[in-house]
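Below is one structure, written out as structure tokens, with a few remarks after it.
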There are 4 protein chains.
Amino acid sequence: YGKNTIKFLRLHKEGKKHFVKEVEVCTHLRLISAQEYLEGNNSHVIPTDTIKNIVLVLAKKNGIPSLEQFAIDICNHFMTTFCQVMYVKTYVQEVPWQRLHENGVPHIHSFICVPDGIRFCEAEQCRNGPLIVFAGIKDLKLMKTTQSGFEGFYKNEHTTLPERHDRILCGELFCKWSYGECKDFDFDCIWNKIRECILEAFAGPPDCGEYSPSYQKTVNSIQMLVLSKVSQVQVIEVVLNNTFYNVLDMKNLGLTNDKEVLIPVEAPYGSCACTLARK
Amino acid sequence: YGKNTIKFLRLHKEGKKHFVKEVEVCTHLRLISAQEYLEGNNSHVIPTDTIKNIVLVLAKKNGIPSLEQFAIDICNHFMTTFCQVMYVKTYVQEVPWQRLHENGVPHIHSFICVPDGIRFCEAEQCRNGPLIVFAGIKDLKLMKTTQSGFEGFYKNEHTTLPERHDRILCGELFCKWSYGECKDFDFDCIWNKIRECILEAFAGPPDCGEYSPSYQKTVNSIQMLVLSKVSQVQVIEVVLNNTFYNVLDMKNLGLTNDKEVLIPVEAPYGSCACTLARK
Amino acid sequence: YGKNTIKFLRLHKEGKKHFVKEVEVCTHLRLISAQEYLEGNNSHVIPTDTIKNIVLVLAKKNGIPSLEQFAIDICNHFMTTFCQVMYVKTYVQEVPWQRLHENGVPHIHSFICVPDGIRFCEAEQCRNGPLIVFAGIKDLKLMKTTQSGFEGFYKNEHTTLPERHDRILCGELFCKWSYGECKDFDFDCIWNKIRECILEAFAGPPDCGEYSPSYQKTVNSIQMLVLSKVSQVQVIEVVLNNTFYNVLDMKNLGLTNDKEVLIPVEAPYGSCACTLARK
Amino acid sequence: YGKNTIKFLRLHKEGKKHFVKEVEVCTHLRLISAQEYLEGNNSHVIPTDTIKNIVLVLAKKNGIPSLEQFAIDICNHFMTTFCQVMYVKTYVQEVPWQRLHENGVPHIHSFICVPDGIRFCEAEQCRNGPLIVFAGIKDLKLMKTTQSGFEGFYKNEHTTLPERHDRILCGELFCKWSYGECKDFDFDCIWNKIRECILEAFAGPPDCGEYSPSYQKTVNSIQMLVLSKVSQVQVIEVVLNNTFYNVLDMKNLGLTNDKEVLIPVEAPYGSCACTLARK
């Protein structure tokens, strides 16, 4: 297969108000034959440069109504235009430009980049197969300073970790989910709803939180809440890249450290992941 | 000289509410003699490990009331404790954890990382000299989709750039300013006020913006507004790393592109910088 | 599943001569049940900290005879020690320290880091399944300044790329291959032989090179040469991340540019990949 | 001031043999007036795009005989062509392409990227001042597995570091030196000689090494050897970014670790630097 990446900005105006989408689009293609590899026969090969042009022409003609719709449009174009294409996948990722506000007033043409979780989506299709749409969020960094522990784990002669019932829970979240049959979904609205579910399941109620017995259980809580609240989601994958913090032992410096000063642990660096599907 | 960097988390509670500061502290020291370099005599050398311990002990004892106060405390400690220290500089940078909100309600112990401009400060002192405090913001990415141009520049046989009166203005801002005599400043409040000035000077009024004839003039507008609105600032340095966007020529694809599709230009990559002081 | 990464140095001496291996080891585990996710029951969970200890104890006891043997030892340990482990995969990557030479004389204890292609390997096993070993090289950057073209590709109304019969071929290579039944392989020797095959197939004969009609054909040539020369390789995957260079048009600067000045193209960024197995 | 960066490839042939230089050039300019900042008057501004064109035209016309000569040519061009330029500095850095060898035979047109220390240079000039040339090496990673210690340092109540007489010495070197009056220097030859001095001073004799009592003394040894062996060097700056390795305590795992397994310490991360001039 071959893939390529292109990054661009799409502007549009409604009256005097400006709207901006900056996206990175990566298109994977697999052709019916492999003659370009085996024989050096390029007659079926669609050059990177042509793929770039197609993505830009579609952006110019249709705009980017939502990341998901744009990815669907690109897949459809390749499947219907090129009979030598066996499989196409389009990944679209957004640069998180947000409208600037001055004293609460939105600015008509100024934006600030706020990378608190990056939105992405994927559309993929095999010839004669259904078009499947995924969406997700990545690089979302979250922390709970209490209501987290890790106890009752398996122990043997190589175990040195003490049990803890009040540790820091901190990590970088990656979530990706698939939609079933994509009818007339409001992709922007659903994505925002799912993001709220993720934050709620991670943090628990604002006044007291909710105890997490492990990174793994927190992963599962996020999946369960999304599946229960958002009916369009069929399968959800969550990966949590953990950052561990150790309470620094300050005894040899003559001090008692009551979980006030903590040091991030670079290694071992762990992550846990789970994929859960609706029955 | 020698320097070292340490990263840690400082937690504290008020009732059941948790507060978190994660900082990276870099301490530079220059000693009175250079005998450790010239003769391999280490008797004046303060090991990296000891510097780390001092920073952590100060964080444990005093907390981090503000980045600036913490940097001042560290400088003072080194100057008063070690007579072999000739010069000390402390740089403190914050990981931008923000309290999580659920439906507008702040969470008592959950946080999200929102890197829309990183706050930092510096305190430095020579033996027998004054303690000087700097503060700043970096990695602040801003964009204006109109009200920007670049015309009337110098031209000769190597000029190929056309004049433009409606281009994209986009860049990554670095601002650093010095305070005069630091009395009882409310460093957090001043920093927030300066950040607002920067955004206002970059964007102009929310309903119409303000025309920028160059990156350089925008840099100057930011400096002028900060100096006029924030009396504690003595000198302000601004660096703007430009991202250029080219309107894609789509004529050979049979389309007219009216500043709708733009491509970021990786090279040449430019930046402009200026330092301005109060008279 | 869960995974974690640990980085460390393993030293050993033969007489006065020192040998060093610095490796990054990532271990993936999948357990028989998912009760830690679903029920928050941690009784089967092997903490990250324990995994780290096991890797370090094995390095201490056995050393790192080769990356592959070390990965095999780790897999075996987890499978035989923990009956709750369903699947284990160990990835080992080397920091490319090379012995320093002074005027051709090897130094007994000094090393320099030379990252011209990073060696890695993987061992994986399902309970009751065979142990499979992979090895590979990544981040290997190569360039041919001639003997490369791209012609006869598919064309339609979105094609703007001209045909070229003398372009630059430049890219970053990733190769990964699997061994069949691992008997008493000399993994270091085989790896070096495969690296030579890759370079030879990419570059062609030293005095004249060999024409490449596409990135895809070069990928295939590498695979074919490795499979024909190294009988231990069963399957080989090659990914070539292309860097395109455009001959700069200098006509408007009054100059003819005969492939003398070229500019790297940041986007579109392409890559091609293929997996080939022995019949 | 303003600066900009451009990256490109310069090819040339001697008979059928190809030669390649890929460089990144960064040009800083300061103009006589600051009217573009203060008044938005662009009439003296030399656009980034023009600077790029000049660099590329010079590369096309003169080639890149050495990095230093190319930087000198660029400085001279700006000073003699633009009377509004007050100061110019040109930084040139090389992508470390090396000719590929097959069984010891050099290939006529194939290259491999070997980043074991990056070569760079700088030329700078103020109007009416001399042209000064610097050269250097960066990102050079070196390690000694013995013949290094750190003892006799300053101690107080915050000291926890034990004295060590046999530790690992590992770091990333940055060296930058200035030449005096640049007559007809063979810059390539001098640079290679200095690189050899750096390695020799770091490592000591190949059969036994030389004891280093601190990172600082190693920095000084490098400077002293370069100044004594290379008469063209006037001033030399060395920065050594240390990577510390701790011998892992394996007592609680029932093992004695005789400096066999070591863990890199991420923080505190230290560096030491010194600038030394010929008397």
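Yeah, the Cβs are placed from backbone N, Cα and C, and that goes for glycine too.
Because TrEMBL annotations are produced automatically, they should be read as predictions rather than curated entries.
With B:T48, B:D49, B:R167, B:Q216, B:N242 listed by TrEMBL as binding urate, the candidate from B:F150, B:F153, B:F202 annotated for that site turns out to be B:F150.
B:D49 (5-hydroxyisourate binding site): 21 other CB atoms within 10 A of its CB, across all protein chains. Between the two most distant C-alpha atoms of the annotated urate binders (B:T48, B:D49, B:F150, B:R167, B:Q216, B:N242) there are 52 Å.
If you draw a 10 Å sphere around the CB of B:T48 (5-hydroxyisourate binding site), it holds 26 other CB atoms from the protein chains shown.
The Cβ neighbour count for B:R167 (5-hydroxyisourate binding site), using a 10 Å radius over every protein chain in view, is 20. Contacts of B:F150 (5-hydroxyisourate binding site) defined by a Cβ separation under 8 A and a same-chain sequence distance of 6+ are given as B:L161, B:E163, B:R164, B:R167, B:P213, B:S214, in order along the sequence. DSSP assigns B:F150 (5-hydroxyisourate binding site) to a strand segment in the three-state reduction. Remark: B:N242 (5-hydroxyisourate binding site) has B:C170, B:G171, B:Y215, B:Y269, B:G270, B:S271, B:C272 as non-local neighbours, by Cβ distance under 8 Å and separation of at least 6 in sequence.
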